[in-house]
Amino acid sequence: MDYDFKVKLTGERERVEDLFEYEGCKVGRGTYGHVYKAKRKDGRDDRDYALKQIEGTGISMSACREIALLRELKHPNVISLQKVFLSHADRKVWLLFDFAEHDLWHIIKFHRASKANKKPVQLPRGMVKSLLYQILDGIHYLHANWVLHRDLKPANILVMGEGPERGRVKIADMGFARLFNSPLKPLADLDPVVVTFWYRAPELLLGARHYTKAIDIWAIGCIFAELLTSEPIFHCRQEDIKTSNPYHHDQLDRIFNVMGFPADKDWEDIKKMPEHSTLIKDFRRNTYTNCSLIKYMEKHKVKPDSKTFHLLQKLLTMDPIKRISSEQAMQDPYFLEDPLPTSDVFAGCQIPYPKREFLTEEEPDDKGDKKNQQQQQGNNHTNGTGHPGNQDNSHAQGPPLKKVRVVPPTTTSGGLIMTSDYQRSNPHAAYQNPGPSTSQPQSSMGYSSTSQQPPQYSHQTHRY
């Protein structure tokens, strides 16, 4: 390259430090890099942005793949990549996203902490419905464009804070996302282990090579159950995850303890699964005779004859062929009964969810010492950046206390957003203008994101 042209190009290249103010505003840290809350220096707008600095120098093929996908995907419920900055001097890569003040992991953690403090604040049913509908809408868009997310979990479901998009869900962390219309190799050959254990579909645990978009639907079912109960439905202790073998005895045992062992008539192709022989050797059907999703959800006061349970059952169908699709789920009767889903998931909600906290340079992210924690995700996890994931998934200890930024309680009122193409086919299920508040009153406990909770659930991290 001509030297003078190279010098000119370097001078014209936009530098992230010239455009954005972000010093002292770190909100996330991991082996994938650092995430900062940022604002424009020129005051062109007053929006908050998320700046992710990818760890290391240069850019990997996996990160290139994620960036290429995000540049093409445009949907209200999928995180928007605004810009990519490449620093020529130090070869650092910065990604600019919309900033989301909340995510489902912290929202669920808030409610779980309230239960632990003996003053439970239930997640409003209307909010659960709105969250689920928007997640399905975003995933339907991805699936319609031949994209599998493959790592859906509460930490990857962001929710926008105050602003024009308040209360809107944003599906984030596309580091594991893949096109599935015509892969050159079976997806299982490219990535033998995908999806965080607790949200991993049974066909993945049994070694399915040609898995489908049904794996995302199972994960959504797990998230739905967690929203209803404030507890991970298939929580289990973690083992060594460095192996590329997808088979996981304890995770299957947990699924069977909730769902029961699948009957041959309910999942005819289970005998074709690569790990079926191991399954038969390790498990006995009669061990789980008294286990069922009905019994599990009844303990959490979800009635088996309710539309809520019927949809959950369709999402958590063991046979991937029989599992409901995202489009079918959006048309389910559950979304046609009051309260109807809204564009602002916080509509009518008076619960003071805490904002994201700023981290100091010496302060770890809220998962504690990684060396003392069990690892939950495969060592191929990229955290959406193409670099090894933050293996900070604690099962043995809870998050350490951090410096808390005190935030005042907020009340919410939502507005109508434009209906997506997929909603137009089912106008009755489209977002509704929220009416007066019917949700639970604001808690006086003043919970923050450092509230104590059962440590076995402290396994997530901030994602973009």
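Just so it is clear, glycine is given a Cβ too, placed from its N, Cα and C backbone atoms.
In Swiss-Prot, the feature region 'Interaction with CCNC' is placed on 1-15, out of the ranges 1-15, 31-45, 271-285, 301-315. Distance noted between the C-alpha atoms of VAL35 (ATP binding site) and ASP151 (active site, proton acceptor) is 19 Å. In the three-state DSSP scheme, GLY33 (ATP binding site) falls into the strand class. For VAL27 (ATP binding site), the Cβ neighbour count at a 10 Å cut-off comes to 22, with all displayed protein chains included. Separation of the C-alpha atoms of GLY33 (ATP binding site) and ASP151 (active site, proton acceptor): 19 Å, rounded to the nearest whole number.
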